[in-house]
């Protein structure tokens, strides 16, 4: 009986976590929402905490920018790598790669950040910027995008391989027996049949990139900028929260603003996650 | 026509070949760089001694405080996660076995919860900490990290429990045991390998996470003795040392990155080995 209550209680606590997070963050962000409308919070670029003006546009812009950059860099790579590993490559290679990918997915983000500082930042400063005839400190949106892309690779690749494994072998064989080449089979059977799964894997990869904190914080430069140049530095939302936790108590409404940023991340990422997980659950059942 | 087809096939095979191997090379390159850079700064002193005065300005000492702190925090969080998560995972698979819809809905929510970034947990942990009147401490850190890793633990364990045949449960019921007995004596025993894997997975995630403990665990040069003292963690120690302008301190950050990577590698490799070893005994 007692164990039964404990089991039930554990589950309820678990299911209450997202509700608690949502309510808790909203409760802390509420004072700010009373002073400023949601529209001006999201679309104003006036960020003067001392005057009580909080416009999140530069931060949202940087977040979206690095996320898109990371997606463009990693998605095609992951898609083709997953196709090779599951369709063209030897079984032995896949058996070797699966645990490696798993282990790499577990490497902490701070280690990816160290790598970014050591490799990507100098690369951007010394090689990429001169190529375009400008100078850059290397701590830039591009560096953030590259580090995020590398972080997303094990995560997305893992999901894509799983997606391709769910496609029935009979279907592939039917296509091949009708005289299709391997690539035609991939194009017309694997990609088409796995399409919802591929989209979901990409979506979840984007969500992960959007919320990543420490690794990006270390390489992105952390200055407010609304610029299209990837060689300039940026200041994504998670970095804003992480950087200012120390001083947020001294300025009124500042802690509200940071909690609002966290709430924003939570809501956006939860919606993306729920949407694409629903996609996956739907396709798994079929 | 036929030739065009073969050329297309050939081009895309090469593209995907390059993609697959460049992924391997990029990730290998990452590990090599981190190890190569830090190995020269790595020494017994760094791993096994406490930071001395002026450590962050190039003074002597090591990062033992952060290593031990990380283990304290992660072990505490894992214990808490097991207390909440283990019964929840069993509950999903025993009590709800006939309610497939509910089961799937719960799994769906937990999966979505898995994707919430740790900075959100960190910010929430901070708000909750103020609400409860706690300071940045080992306890606050443990609670925050536990919130982060419980969904992971439950989902990973659940994935294994799901594969245990229903007949096994039915056999147990037919012998007159209650659902609780079945959960503990049949399901838990059968899924023990999965439990170990889930445990280590959650532990590894807890030890490597920085953003969630940034606000809640504080940072200190000492090893905490009680739950209300602040605690240093390895990822934060790397982060702080790397932002130092002094070259020698940055070198230590690289060394600390090796320590963290090795800990994570040991955890994931042993999770694999243990789960293999224990799963030999269970019924397929």
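Placement of Cβ uses the backbone N, Cα and C atoms for every residue, glycine included.
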Original post:
Given the ranges B:138-157, B:158-177, which one is assigned the annotation transmembrane segment in TrEMBL?
Top reply: B:138-157
Original post:
Looking at B:71-96, B:227-252, which one is transmembrane segment according to TrEMBL?
Top reply: B:71-96
Original post:
Among B:71-96, B:108-132, B:186-204, which stretch has the most Cβ pairs under 8 Å to the transmembrane segment (B:138-157)?
Top reply: B:71-96
Original post:
Taking a Cβ cut-off under 8 Å, which residues six or more beyond the ends of the transmembrane segment (B:253-274) line up next to it in the same chain?
Top reply: 31, 34-35, 37-39, 41-43, 46-47, 63, 66-67, 193, 196-197, 200-201, 203-204, 207-208, 234-235, 237-239, 241-242, 244
